[in-house]
Every structure is written in C-alpha cells, then in structure tokens.
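Undergrad: Per TrEMBL, the feature domain 'Response regulatory' maps to 12-124. What TrEMBL lists as 4-aspartylphosphate is 59. Marked as domain 'Sigma-54 factor interaction' by TrEMBL: 140-369.
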Ligand SMILES: Nc1ncnc2c1ncn2[C@@H]1O[C@H](COP(=O)(O)OP(=O)(O)OP(=O)(O)O)[C@@H](O)[C@H]1O
C-alpha cells in the first residue's frame, strides 16, 4: 500500500499518545500552523485513520503497546506513512530501533514547539524506502542528548550502505558504534572485520588490506587473504584512518571509489562487496587544509559523518555507564559490588576523563576487583595533570641535559630506557590501548608487545 500525500487539502496529522497533555500540545502547535490534527489515546482503530492521514506521530511507550511494534506491524501491512516517534527514553535500543524504519524520525519529550514544527515539515516531504528488519542485540550505553543524536544517526546508517566516518577522541566508543551499525544492518550475518591501520607497519599495509599471492614478495610463501576479502558481504572497519601516510591514501582512495582491488602479486581485479566504516580521533578537515590528508579521500569516506562527543561533555551518561560496567565486571570476575557511594560518584562526576569511556571502564574494573562486594567508597583517580610545554627547552637541549646526567657506564642502556619510559607513559595516557600507542610510535603491535615483555622482565 503506497501512501500518497494529499496536496489539495490541509495536511492531516494523526497523533497517538496516552498522555492528554502531549496530545493537546501537538494539537495546539500544529493547529495554529494550519495542520488538521487527529488525536488518539491508543492504537485502537488507528488503521482507519491512517488512510486519511499524511503523517503519524506515535508515542513509543503507549499504555498497552509499544509504538515501535505498532509501526513494525503497519509497515508489514504496507502502510508506509511517514512516522515521528515520541519518546521519554533515550537508550540506544529504543532510539536505534525507532530510527531503523524508513521514513521515520524521533523526537524526545518534553516536546519543543520549534523542533516539532521543523521535523513535521521535514517528514511531510519524505521519500519512502523499503523497510529493513531491526536487530535488538547490541548494547551501547548513553542517555544524554548527545548520544541520542548519535543513536539516531546509527539508525540512519543502518538503512543504507554509505561510507561512514566516525570521529571523536580516543576511547569515546567509535569502535562500539561501528559494530552497532553492522549488527543492525542487513549485513549483520556476515563478518565484521577490523583493521587498526597504524598497528600495521606501513610497508605491509596493502598486503594486510588486499592480501597477496604466493611469491609476491620475499616471505610470501602461501596466498593470503586480505581484510577486504575476509569482510566479504559484511563490514570492514578501518580504525585510525587519519594516521595513514599520504602515499598510501591514493591506494585507499582507489579501493574506496571502485570497491575493487588487486592482491599483491596478482593481476586479477577483485570486487569487494563490503560496507566501509572509518574512524579517527584526528581533525581530518584540518589535515586536509594542511595538505596531510587527501581531500578526495576525505569526501569519499565521509559520505555520512557521526561525531561522538567526549565523556566530559555528556556527564549524564556516567551513572548509567558505571552501573553497566559494574554489572559486567561482577558477571565476569564473580564479584558482588552493589553500586557506588555518593561521594565516590561525585568524584567521578568532577573528573574530566581524558581517556573517555575506556578510562571509565578500566577504572570501574580495577575498583570492582579491589572492592569485591558492597558499595564502592572511593576511586583512585588523580587530578588532571596539566602538561607544561617549555618552549625554551628544545629537543637538543633536552638530549644534552640527559647526556650530562647519565654516567658513561649507563649509556649502553639509555636507548632502551627511553623507549620503555615512552611506551609506559603513552600507555598510561591512552588507557592501555596498545594498538593506538604502537600506531603513534610507528611500530607494530607485536614490536610494542615485545618491548613490554622487556618492561616486565626488568
Ligand atoms: N557508549 C558505550 N557503552 C558501552 N561501552 C562503551 C561505550 N563507549 C565505549 N565503550 C567501551 O569503552 C571502550 C573503548 O571504546 P572504543 O574502543 O569503541 O573507543 P574508540 O573511540 O574506538 O577508541 P580509540 O580511538 O582509542 O580506538 C570499549 O571497551 C567499549 O566497549
């Protein structure tokens, strides 16, 4: 059943909500703008009104039914009227689930008149697409307005196959968001493959992504499938895309543009049926301006952009994340921690979490192990260390000072000590993220792990 907009009459909006105040508010705001508004307190008889309406506004949590289920049923029956969901709830499942249908939008209560009018007008011009079934399996926590917007975008991303660029600081959840897109997309039964770009030495990057055939280079003893092949039919997630050197960007551009590639040593062009998601914590636009990142590649990979704000800008999420991580840690470790005392929670709320959700998660796990049962009374967090940059202290001067203060007999260990110190410091800074640190140092994750073994054996 195709829904045809009636252009000759006032637009008719059907509103279903069990709260009279919401019905009255929508009627007043839309009524004054010339819309005809029909209100219902439940979904009973809804289908009769749908035939004469141009737009449906429906509460997600109706008294006896879920608005999302109602719309799912309607879509199955062929009613593809545009829908605006109304909700008090901002959890990922609800928002993504509601955003998964074509021709839908979602508004958070309490409703705001300007936003209501804007979205109503936008939805009345909607182009209807086929519906994609929704999976409720994956869990990403967040009840803030900022995450609400992120979830809405995830819902949209699940409906198409566009290249997505996820941006945000380290540890904000770029990888979990990319998994969530995959898990809710039609590709969910196929593989989700991750390529942490900087974790691979750059001269092996192409081999890793496109694979190679036996004899392609010294050491290529057998054919090896690349990540593009391993992700066939599914999603390929390229993490830390901003770290890729300029000359490799051209190779990547050809792949992204044509969705095809050549394995190293092969002259056969392979087609790749993959959805591409990219992530970075760098400012790619600035890198483009500075000539460090190809503009054409930037536009290609960011057909859709999702920005995840740092945790310090969405502190409303902290409480929910804490409960979630405690429950997880209890289940994994077998502890019986029951929550967090008020003072300790205040300490968390006052902290700026430079390592974002990853830092919070690590902190919770560490504290749960120490606490074992009962409520968490305190967290071992230190006030943010401010980095002091001494501009007069040049690299050369620093080396001179180091040499002056190092006895000759210690010189043979100096390089190793500097390396170990640097790795330790960076691991602290990036909350133990080895791939990230390896990338920053331009070494492979294996090399970093070997150096770490050095740390622990010292
Ligand atoms: N909203 C969230 N809900 C639940 N867990 C989360 C959320 N955001 C992040 N996490 C957890 O925090 C950790 C870091 O997340 P993730 O690896 O996705 O961050 P990232 O932004 O990709 O980091 P990086 O830039 O360093 O690669 C993971 O263990 C992930 O499970």
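For all residues, glycine too, the Cβ spot is worked out from N, Cα and C.
Predicted automatically and left uncurated, TrEMBL annotations should be read as such.
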Undergrad: Once the chains shown are all counted, how many other Cβ atoms turn up within 10 Å of the Cβ of residue 59 (4-aspartylphosphate)?
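TA: Counting Cβ neighbours of residue 59 (4-aspartylphosphate) within 10 Å gives 25.
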Undergrad: What are the DSSP helix/strand/coil residue counts across the domain 'Response regulatory' (12-124)?
TA: 48 helix, 27 strand, 38 coil
Undergrad: Kindly state the mean pLDDT of the domain 'Response regulatory' (12-124) in the predicted structure.
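TA: Reported value for the domain 'Response regulatory' (12-124) is a mean pLDDT of 87.
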